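Participant: The following feature annotations were taken from Swiss-Prot:
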type	residues	note
REPEAT	95-133	repeat 'HEAT 1'
REPEAT	177-214	repeat 'HEAT 3'
REPEAT	218-255	repeat 'HEAT 4'
REPEAT	294-331	repeat 'HEAT 6'
DOMAIN	486-704	domain 'ABC transporter 1'
DOMAIN	730-1044	domain 'ABC transporter 2'
REGION	1023-1044	region 'Disordered'
REGION	1063-1092	region 'Disordered'
COMPBIAS	1063-1075	compositional bias 'Basic residues'
COMPBIAS	1076-1086	compositional bias 'Basic and acidic residues'
Amino acid sequence: MPPKKSNARNASLLKEAVTNAGRSDTASTAREGSIAATFVSDSDSSTTASGPVDEKVAAVAELITTLTTNAASDKRQSAADDIAKFVEAEGVAQMVKTKILHGIATGLHNTKQPVAREGAITAIETLIKSPVSKQIEPYMITFIPVLLERLSDKAKTVCLAADSALKALITRLTPYATKQVLPLLLAGIEYSQKWQTKVGALELMQSLSKTAPRQMTTAVPDLVPPLSEVMHDTKAEAKNAGRQTMEAICELINNKDIEKFIPALIDTIANPEKVPDTVHLLGATTFVSEVLPPTLAIMVPLLSRGLNERQTAIKRKAAVIIINMCKLVEKPQIIAPFLPRLLPTLEKIQDDVADPECRQVCQNATKILTKVGIPAPGTVMDDSYEFKKLDDKALAYLKKAIGHQQITEIPEAYRPVLEYLEHIAAAMVADGNMDNDDWNGSIIPTLKAFIPTEGTVTNAVKEFRELSFGSNVKEAVAEEEEDDAEELCNCEFSLAYGARVLLNRTHLILKRGHRYGLTGANGSGKSTLMRAIANGQVEGFPPADQLKTVAVEHDLDGAHEHDNKEVQAFVLEDPVYAHLPKETVVNMLESVGFKGPMATRPVGQLSGGWRMKLALARAMLHNADILLLDEPTNHLDVINVAWLQDYLIGLKTVTSIIVSHDSSFLDIVCSDIIHLDNFKLKRYRGNLSKFVEAVPEAKAYYELGAAQQTFRFPEPGMLEGVKTKERAILKVQNAVFQYPGTDRRQLNGVTFQCSLGSRVAVVGPNGAGKSTLIKLLCGVIEPDNGVVWRHPNLRIAYVAQHAFEHIEKHTNLTPNQYIQWRYQTGEDREEMEKAARQISAEEEAAMKKVQVISGEKKVVDSVIGRRKLKNSYEYEVSWVGKLSNENSWLPRDTLIEMGFLKKVQEIDQAEAARQGLARPLTQKEIEKHLSDVGIDSEIGTHSHIRGLSGGQKVKVVIAGAMWQRPHLLVLDEPTNFLDRDSLGALKTAIDAYGGGVIMVTHSREFSEAICKEVWKVDNGELTPTGHNWVSGQGSGPRLEDKNKDEEVFDAFGNKIDVAKQKSKLSGKDLRKKRKEREARRKRGEEVSDDDE
């Protein structure tokens, strides 16, 4: 809650009024520092001199006497009218000198004579309604505290008069004077013991909400706390008025996200037991509007109470609302006053609550509150809702104008005018209002009493306005560079995706021929913004008939429907290009490399790089004004990347917006960088290197090691017989593979091996066979010829080039649910779907052959399990028509010769999976695993996969693959979709990972930072360099099992007690044991067989 703003002066004025209500007339007249004395200058001795002034003083004194003593109301009104006419004719200076205000104040404080009080109030109301009301408004404001007290006067007529006068003043009040009046009204609520005074002050606030809505809106943070207290007042009238005023004030809050919940928010203030229901209600809200102090003022009481609820779910949801709202706060000064209500409670929850997820959410809320609400060192806090002292030069000028050159000491009688104009000017400066008409309308009516000449007073206000702004001028929007490029777009918009806000009231300006690099973290909304532009969903963006915008995304939409069509026919038969001459289409296809056989190749046989080229060619046939390129270098080799760079730079009349994590590509191509951060788009002139100079935290674009994120991969388990990281755990010899229906081999006699220490980069041009090689290594495909050997317990994690294929059938699940589905049977369900696991018809027939075992003919029913046999394994086999006690154990080689290779591999994979899945498949364990690859619990457990960004989906795929603690991690184009910070985190995780890593990538920067070994693939042949292949264990350091002390769990989270293996005794120990047994026998002790 912001601190109460009722200053000491306002409180003392009210207390003074209350105290003086019981004094005698003489005492109230003589008191020093009273309200009446305010209007008498210490140097005003000239009023006693003889002459015209004496006559005016006498005439005014007679009117004051009639006003405060005459019992007839019409006589008192007549006297009040004459006083108003006198002030109108003679001006403010004569009003002060003739002590009119002094006389009114004296009558107002006359506690013995109701007629005096009523007459004084009549004069006040008459002056307020007179033509000179604006000139004397500063003085009328000073009567507010006493008039509020007169609302509870014993004389009913005085109460009614005070009520009428206050309403007349408030309805005519200059709007920008609201900031000066509100503390006086708040004092009436907070310090008065009379309910009539409270109700009156509350009703005046309601009036102000109609006459000065803009000014009252900025004051909402000051008003909500005291109004909340009044809503619990013991007096029903005050309580009801407080509720009505709160409703009137909250109607001013301009936030479409919460406006329908405002009645419920007010209800929770009056009825705290409704807090849980309201928190649930707001927890399902998508926040897209900018959050300002008025919104926080009504939300923070609910959130504070929500954090203090007993239910953990309510605490968590309140913290989530805080996170979502903080993302829409632009400046620290907006939220800083509310931090004391939220931060201590959030920090306490982190220490006290048992639920780790709730603690994590509260920790995240604390971080974002601290980041948003506590400014960086050197930042100047600018609270627009506090009264700010004017610039000294402006104040000096104002004193000069009012005091007629008496700059050093202005007459005390004019002090109310000075304070009034200072408040108005400060309020207009805080509002950023430099409009001449507003300044003239607010200040000239009062200032012209001191500068009567119209031209002079107008110039004075102009100079005063300029001096008032002084150093408080708000930061102007940076001007666009001065060039002659045509402006294609200039719009302000917000953007949300599902329940997540991506951009909030941000500007987008695009110019013809510029090439904009769109940067930002994964999940910040880059691809969503591109799609929104392409689909015409950006508010204010020119429509398609005015501006041709074409999107080039990372794959061909609907390409699966046309897999069998030839490339050239695929484009020519598309209705979109029917109006183009065939020659134009053919030339465009040839320009990106589709010549000769490539032009007639089926779309389904194109590699990822060729698919991207086809997408680019199709986009360029549109003759677009704006090209939207989302990761255009994905799947492109170095030659094609260079071609794309040259092509884009050569488009002098076409604007490009590019999302790419290829730093060298952005450096060469971009003329500008548009950075997406904190829900805003900010443009930086120059290429990526210039951007990094301006934003040092973006250093990760150049240095992968500078990443702020960190990933961590689980350590792989031990493999039997593997003592060092150099020993081969996978070997391929002379493997040959050719896709059916193709005219050449994709792999031709390739030989390689992998170990736990492998760090391999697979490189080569598009279509050379890199992805095919990886699929062979992982068992997705089997070779037509050659030998593939994998360690029987080897676990391989594979992230495909089109990583989304792993999760495309599970987009309605959360990442947490996806991992639970994938491993719920104890095995990797994706692994079971691989081609290497599927049994062909020929293999099925071979397995049904009759086998002769120990002279008996038998048919294999199934392979059940395995056990160790010297340096290999033997497998338990059940037979058709035989009981289980007749099962046999056959060596591995025997079963393979019988045609049961895939069944043997199935048992091996199941055993390997069992060893790798020794961890509980529970929500909490999976959340921890997901957090190790940069997916927090809010996304991992509470967001569906379909709502995630491309980079977040890739992280989910990596997490899913790493759950089984693999020995080999295979990444096909890992740099696709991941932002630079995530790539740096991935590099760090790979460096620390205890297993082998094989990756296909065109990113030389990424591969060189990680890989020592390079496999160059070209025309289906493999040329390895930098490898260290050994035939045995090698000479490296011996491995230690880092997971040996970890507890083992089944898939349901139940702990498994693992018996420790007994170490084999040496010969010396065995001989010692025998001697001990013989000695025990000689002593007559029994020695069991177990002891033997």
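Backbone N, Cα and C atoms are what each Cβ position is placed from, and that goes for glycine too.
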Participant: Count the residues of the repeat 'HEAT 4' (218-255) that DSSP assigns to helix (H, G, I), to strand (E, B) and to coil, and report the three numbers in that order.
Facilitator: 27 helix, 0 strand, 11 coil
Participant: Quick one: mean pLDDT on the repeat 'HEAT 4' (218-255)?
Facilitator: 91
Participant: Reported in the order helix, strand, coil, what are the DSSP residue counts of the repeat 'HEAT 1' (95-133)?
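Facilitator: The breakdown for the repeat 'HEAT 1' (95-133) reads 29 helix, 0 strand, 10 coil.
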Participant: Would you mind splitting the repeat 'HEAT 6' (294-331) into helix, strand and coil residue counts from DSSP?
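Facilitator: Residue counts for the repeat 'HEAT 6' (294-331) by secondary structure: 29 helix, 0 strand, 9 coil.
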